[in-house]
Amino acid sequence: MTSLPTNQLWKWFGLFAGILAILCLFLASIVWGVMNTNWQTVMDAYLHFNGSNEQIVIKDVRLPRALIATAVGISLGICGALLQALSRNALADVEILGLNSGASLAVVVAMIFFGVSSLAQFTWIAFAGVAVTGVLIYVIAASGREGLTPLTLTLAGAAMAALASSITYGLLTVNQQTLDEVLFWLTGSVSGRKLEYLQAVFPYMASGWLLTLMLAKPVHTLMMGDEIATSLGQNTRLVKIMSGLAIVLLTGSAVAVAGPIGFVGLVTPHLARRLVGPGLFWQFLYSAMLGAILLLTADIGARFLAYPTELPIGVVTALIGAPFFVILAGKGSEKR
Amino acid sequence: MKANYSVRSRKFAVSLLISRRAFWTTVFFALITIALAIVSTGMGEMKISPAEVLKALLGIGSPQSALVITTLRLPRILVALLVGGAFGAAGAIMQAIVRNPLASPDILGVTGGASVTAVAFITIFQSASIFLLPFAAFAGAILIAFVLYLFGWKRGLGSFRLVMIGIGLKALTGALVTIFIVLAPQILTSKAMIWLTGSIYGTSWTDVSLILPWFLILLALASICARHANILQLGEEIALGVGSRLSRNQLCLMLICVGLTGAAVAIGGAIGFVALLAPHIARQLVGPSFGSILPVSVIAGSFIVLGGDLIARTAFAPLDVPVGAITSAIGAPFFIYLLYKNRGR
């Protein structure tokens, strides 16, 4: 066991290295792609803009894409860490718990029945979808003899996901036109999104980040159990409600910009725990950082795995995250 | 009057014991399903009365309705029956081996595995014979079954853990299917899409002939293995204690289950929750003996897919909703109910 100051130093150093990695990946994400560009073009696009195709691609496509991947990655990563801490469940994730499918269903319903098509409205609908699904899953998982356990939460989420996605696909087949409009959104992607999309939701996203970091200590106390937290003088209901709000803010805004992307928030908290130990504040920070790294990498992977066709980024994260989930699930219950 | 009918052979190791009640329930249920099939054949863009359908089937109807029925409607109805039956049987076998009320080929991801290889086969080997498609689906299903075995089998089958692993595998196979769909040329996209939800839209006699041999052979094998399944249902210790060759029997039944799943997926895609619902319905109707569960589960599976498809193509006419969307809408709440009922295990 290293002494505290050194330990702290290492944590800051890790954070610094992580941010450096994000920067490198960010630049790589701008330069690499189907249309080949180099550093010079990137520099020129901002210093000597001459309207060439390459420069327009960089300004209008690549940069927004990299920014969105970073912001969404941070949101999903930090949200996953909060979810896992709160539910005391190493398998919790926005995808597994069905929050993504709930948001998708809400957006599709809004498009078909209420003719909603502007992004500003999408955001609110995605928020509502996440909130409603979250409450439903919580109620289903908590009702009954045993109450809320990690397993019932996961299984209730999986069942909700199946239900919501089947209804979504049913609605989409009935409305072929909507299918074409939202299919790419439904598989999750950070490409083809305008920067305004991100600007619209960024305030919610950022407040979600801050709220989560502020919640680190109270949630850590809550993890010891409701009784202990209460006897320590904590208003447990308030903490839970605030956490719920943070999850809705983070998931809702991430889904609104990039569509449902799964498994980022599943993988990152595990890595973060490995790296920084049990302190929740650092776990949240590291998980956010790793989320951005993961999503930027996945986005670059999405361009080259099936070159020259581009894959939806949700597919790439599922390819990374799903085996991870299977292994975790296989291991996790040995203690049971 | 005996309380049970038994089918036994002195030469071969086959034994089926079916109670009187179960027998008549099965017959009754089968008749209802046949009636639904006949009514369903008449429903659609062009309404044909059930009597007219029967006449057409016997070859004495008007040529016009006979044409509609034999070339358009009938193959789809038969495919619904066969695919549903295969899923039902696969579910019954799976639950007998795994002894977990939440287990079924679709929940555990076996259906997903079959979908991946089926879609891969269609997109990569575009010129290959369509009769090889069930084999491709079978291969994928086997692969997932093997992964399940690797991760879950020996360390307790009954737990929720197996279901959790299945959820992960399902997500993984879903991602892989999407990759193949994205990679596929445009004309194949809509064809490949059916493997995401499951649909029997536009099936032809080729599809019937594709699935029929698999269905018949594997179902016969499953009936032969019924006595092994009965013993397995008692638990591994008891099964070993009474002298069952446990691993061999488990493997045989698993292969049959995977084969049925593969064949059904090759034609209808991943039609969700049928394989979960059917055995539960069967158990409610005829009790725990596998010899009675198997036929009733087959019929229940047929009934669900047939009924689901009827809703799917008439309720939103002229559109054809994938049947998988309907079965999931029914099946997912039932899965939640099962979770609720079985908690604390």
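Just so it is clear, glycine is given a Cβ too, placed from its N, Cα and C backbone atoms.
Remote same-chain residues near the transmembrane segment (B:21-40) are listed as 5, 50, 53-54, 77, 81, 285-287, 289, 292, 295-296, 299-300, 302-303, 306-307, 309-310 (criterion: CB distance under 8 Å, separation of at least six residues from the stretch ends). Annotation source TrEMBL lists transmembrane segment at B:21-40 (among others).
With a cut-off of 8 Å between Cβ atoms, the residues of this chain six or more beyond the transmembrane segment (B:77-98) that come close are 33, 37, 40-41, 104-106, 108, 110, 157-158, 162, 200, 203, 207-208, 211-212, 214-215, 218-219, 222, 229-230, 232-233, 250, 253-254, 256-258, 260-261, 263-264, 267-268, 271, 274-279, 282, 290, 293-294, 297-306, 309, 323. The annotation transmembrane segment is assigned in TrEMBL to B:77-98 (among others).
Nonlocal intrachain contacts for the transmembrane segment (B:107-125), taken as residues 6+ away from its ends with a CB within less than 8 angstroms of a stretch CB, comprise 94, 132-133, 136-145, 148, 162-163, 165-170, 172-174, 176-177, 180-181, 183-185, 188, 191-192, 195-196, 257-258, 261-262, 265-266, 269-270, 272, 275-276, 335. Feature annotation from TrEMBL assigns transmembrane segment to B:107-125 (among others).
The transmembrane segment annotation in TrEMBL covers B:131-151 (among others).
Per TrEMBL, the feature transmembrane segment maps to B:163-188 (among others).
Tertiary proximity for the transmembrane segment (B:208-230) is limited to same-chain residues at least six positions away from its ends with a CB under 8 Å from its CB atoms, namely 12-16, 75, 78-79, 82-83, 85-86, 89, 93, 96-97, 130-131, 133-134, 244, 249, 252-253, 256, 259-260, 262-264, 266-267, 289-291, 294, 298. Residues or ranges marked as transmembrane segment in TrEMBL: B:208-230 (among others).
Among the features that TrEMBL reports, transmembrane segment is placed at B:251-278 (among others). Note on the transmembrane segment (B:251-278): residues 79, 82-84, 86-94, 96-97, 102, 104-107, 110-112, 114-115, 118, 133-142, 145, 194-200, 203, 207, 210-211, 214-215, 218-219, 221-222, 225, 228-229, 232, 297-298, 300-301, 304-305, 308, 322-324, 327-328, 330-332, 334-335, 338 of its chain, located 6 or more positions outside it, place their CB under 8 angstroms from a CB of the stretch.
What TrEMBL records for B:290-312 (among others) is transmembrane segment.
Residues or ranges marked as transmembrane segment by TrEMBL: B:319-340 (among others).
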